[in-house]
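The structure under discussion appears below in the form of structure tokens.
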Amino acid sequence: MASEFEKNTTNMYVEQSPKGLENGQVQKNVDDDGREKRTGTVLTASAHIITAVIGSGVLSLAWAMAQLGWVAGPVILFLFSFITYFTSTLLADCYRFPGPGSGKRNYSYMEVVRSHLGGFKVQLCGIAQYGNLVGITIGYTITASISMKAVVRSNCFHKEGHQASCTVSNYPYMVIFAIIQIILSQIQNFHKLSWLSILAAVMSFAYSLIGLGLSIAKVAGAGHHVKTSLTGTIVGVDVSGTQKVWRCLQSIGDIAFAYAFATILIEIQDTLRSPPAENKVMKRASLVGVFTTTLFYVLCGTIGYAAFGNNAPGNFLTGFGFYEPFWLIDFANVCIAIHLIGAYQVFCQPIYGFVEGRCSVKWPDNKFIKSQHDINIPWFGVYNLNYFRMLWRTIYVIITAIIAMIFPFFNAILGLIGAASFYPLTVYFPIEMHIAQRKIPKYSFKWIWLHILSWACLIVSLVAAVGSIEGLTQDLKTYKPFKPQDHD
């Protein structure tokens, strides 16, 4: 499955390579693979990492901290950051094959896995990676609709008072979000719309900083007093003993979601100029990126917990721990919606490319799949309509929207996505590729401790997944499908 898509992308690069070579000499404006010379530095790579990571994952950290408390919460955040940084350094060495300093470049995460591991593990990587992308698009549909609804509720609370019910349904906003995505999904050469990615990145920083600022203002406000503890929510007061266990496990999944960004690191490394060696530069960029992100996460999580205490909402910008200034909360939620509109497209484009590439290979002579129809659109020029692309992309958006409507649970879905993606993509594959690349002897000291780390992370991911599934189960018990809910 995955290998066929890999062949298509690899062939594309092979066809481009000769353009930069003449008489066996490498031109000054191209790199050793014949592609346009890369110009990335530690600064740009660090910025890419920070921009890609800081986003919707930050919204649930105050809630996660409330479940874990002042001791376990920051400790788990730092553990995830350390593991993420460590495995990112292993991944940086795998960019080139067979050695980290020289050899063939790999342009994507799956190409790296194919070069170093090959065989069935490439298919496993494909399942993990594309499954993660599908899960993220579902999660983003839920989160965007909650933020759109929060704008309406915020204005209602401002007019009617904080005790008003202001019940609003998510579903119309999921439909609106889906319609926007159906339209954007039909755009050809989406990679050329760099302005949308830049806008999404600015929005993610905006709402994260607004949330942090509102939390600081709440903590500093006169008469502020909330209940917090070293161990988080108190059994018998805030939650039952069983709820305490399940919510702690689910919160670990939420933290894992905030750190699940390994799949983009190879693409970022592929932007770096050389010399110096790309793996050395990428390791420094990963250190800066992970350190900055962790600092920001700790601030949002701990200050959010200090602001709301053990009753911290699942999403600290839509759970209405803040009511005023309502216009600033509205702006923050609009920023979330705009960010997720762009982010949805970034994450679904690889899925579109994979399915369309595989269908083209399997049915090369099928006119429905291959034929293009030129349509002249006033003020926009000629649009090349492909019926298969239009139909399949529309169906994909509709399916993700329907699943989001059936399971519109923010924290549980984020926790499940984080638990399912963190171990295979952030831990397992980087460790296995490092062992294969360095030819580490079986049962040697290094081989043993690397596998201990891998198995420990697997166990953590499994229990976090169980906690998130239990959270989904509990939410479903009180959930009335397709009816407005008072709380998200």
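First residue shown is number 1, and so on along the chain.
Including glycine, each Cβ sits where the backbone N, Cα and C put it.
Annotated in TrEMBL:
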DOMAIN    38-472  domain 'Amino acid transporter transmembrane'
TRANSMEM  42-65  transmembrane segment
TRANSMEM  71-95  transmembrane segment
TRANSMEM  168-187  transmembrane segment
TRANSMEM  193-217  transmembrane segment
TRANSMEM  287-308  transmembrane segment
TRANSMEM  328-348  transmembrane segment
TRANSMEM  390-410  transmembrane segment
TRANSMEM  447-469  transmembrane segment
- Message: Can the transmembrane segment (287-308) be said to touch the transmembrane segment (71-95) if we require at least 3 CB pairs below 8 Å and skip pairs under 6 apart in sequence?
- Response: yes
- Spatial neighbours of the transmembrane segment (71-95) not adjacent in sequence (6+ beyond its ends, CB under 8 Å) are 61, 64-65, 105-106, 112, 115-116, 230-232, 248, 251-252, 255-256, 258-259, 261-262, 265-266, 269-270, 278-279, 282-283, 286-287, 290-291, 293-294, 297-298, 301-302, 305, 422, 426-427, 430-431, 433-434, 437, 453, 457
- Query: Short question: which residues 6 or more past the ends of the transmembrane segment (390-410) have a Cβ under 8 Å from it?
  - Reply: 59-60, 134, 137-138, 141-143, 145-146, 170-171, 174-175, 177-178, 181-182, 185-186, 314-315, 348, 351-352, 355-356, 471-472, 475-476, 479, 481-482, 485, 488
- Under an 8 Å Cβ to Cβ limit, what residues of the same chain, 6 or more beyond the ends of the transmembrane segment (168-187), are close to it? 141-142, 144-146, 148-149, 152-153, 156, 193, 337, 340-341, 344-345, 348, 352, 389-390, 393-394, 396-398, 400-401, 404-405, 408, 482-485, 488
